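Since the structure comes first, as structure tokens, the remarks are kept for the end.
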Amino acid sequence: MEQTLSIIKPDSVGKAHIGEIIAIFEKSGLRIAAMKMVHLSVKEAEGFYVVHKERPFFQELVDFMISGPVVVMVLQGENAVARNRELMGATNPKEAAEGSIRALFGESIGVNAVHGSDSLENAAIEVSYFFAKTEVVNSVA
């Protein structure tokens, strides 16, 4: 079973969309193997998004991600990375498929409701950034 990291971003947490987003994941067959709500520090946000450090949007992304609490989850299931990315939709909500999380809850390319790992390799790195191995439960019976 694959695992991937999902973050419900401050905009969706603030608008009380947590339950709706989790329902989309669960209805698609993805299971939650770990979950917690955190308010990221500047250091944590910069560390998580270090791959974007040289990009022009980096500081705006960090500022947004520390603007309120986020819900960090490990999703598990067959093809979890690809399924999560399909459920999220395109980064820009205006280009996201109808019914996708970003089409439903995203506002803009920067304020786009959720983050999801883009590869199995990055999923492993991202999961370990937020969770110890003992915090991740095999949720598939």
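Glycine too: its Cβ is placed from the backbone N, Cα and C atoms.
The model shown is predicted, which means the values in this text are computed figures rather than measured ones.
Under the heading active site, pros-phosphohistidine intermediate, Swiss-Prot lists HIS115. A 10 Å cutoff on Cβ-Cβ distances gives HIS115 (active site, pros-phosphohistidine intermediate) a total of 21 other Cβ atoms nearby, all chains included.
For LYS9, PHE57, ARG85, THR91, ARG102, ASN112, the entry in Swiss-Prot reads ATP binding site. Taking a C-beta cut-off of under 8 Å and a sequence gap of six or more, PHE57 (ATP binding site) has these contacts in its own chain: GLY110. According to its DSSP assignment, PHE57 (ATP binding site) is coil.
Cβ packing within 10 Å was compared across the binding-site residues THR91, ASN112, and the lowest neighbour count falls to THR91. On a Cα basis, THR91 (ATP binding site) lies 9 Å away from HIS115 (active site, pros-phosphohistidine intermediate). Non-local contacts of ARG102 (ATP binding site) by the CB criterion (under 8 A, 6+ apart in sequence, same chain) comprise MET88, GLY89, ALA90, THR91, ASN92, PRO93, ALA96, ASN112, ALA113, VAL114. Considering only the binding-site residues LYS9, ARG85, the Cβ with the fewest other Cβ atoms within 10 Å is that of ARG85. In this structure, HIS115 (active site, pros-phosphohistidine intermediate) is part of a beta strand by DSSP.
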